[in-house]
């Protein structure tokens, strides 16, 4: 008589499958949820009236520029005081080369850098204009979202775009440097140029240096800067889940077939 498996066996197998599916799809689902949160911040920014934004951008910065990724700066180094519970979106950064559209927050508090890009202290908000040099900082190598992880893919000549006060400004990459964290030499202004530098930690997971990608203002000709990112993170999660389910089913089938062949071999010997 064929022996029936106990319910506990199926419970353990089911829990194991759920754990494997959860681990394999978690990064994609987290990235999807963060993207929705960033889109909400951008949508809220888009609704702000022009006169409100114009007054907001006139606020002066008061704090000294520091490395935004240093331990001492994670307690709340903000250009104008960013409350952890109320992030203020001041612009939208679009980098077509790496398929990123990110909200830009005032200051570099930990909450700001966890959710988007921050404006480095003592550098102007990215409103444009000759003699201005705005520095935008972002994390890379985070487990839950990419942010500036793919920034090293940018090359000289590539463009990124900043939407501020309902206007889009284009910047073309002209300098790329890898420097020590305390090297602020490259953040100097040029009276004849409108500059923006993107900053992140490098190399990944070591963070001993800073990658600086500088761009100068160029005419914007309404280029197509729409983000065609291919599959969404949710779509990737679904594909990974299907593959994981198939592999687990294949493993389950193979182990049962192997056990069956072993039993048949034993009976044959008898």
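Here the Cβ of each residue, glycine as well, is placed from N, Cα and C on the backbone.
Residues or ranges marked as active site, proton donor/acceptor in TrEMBL: 139. Sequence-distant neighbours of residue 139 (active site, proton donor/acceptor) (same chain, 6+ residues apart, CB-CB distance under 8 A): 69, 113, 114, 147, 148, 200, 201. Secondary structure from DSSP puts residue 139 (active site, proton donor/acceptor) in coil.
According to TrEMBL, the feature active site, acyl-thioester intermediate maps to 201. In the three-state DSSP assignment, the secondary structure recorded for residue 201 (active site, acyl-thioester intermediate) is strand.
As annotated by TrEMBL, transmembrane segment applies to 7-29 (among others).
The transmembrane segment annotation in TrEMBL covers 234-254 (among others).
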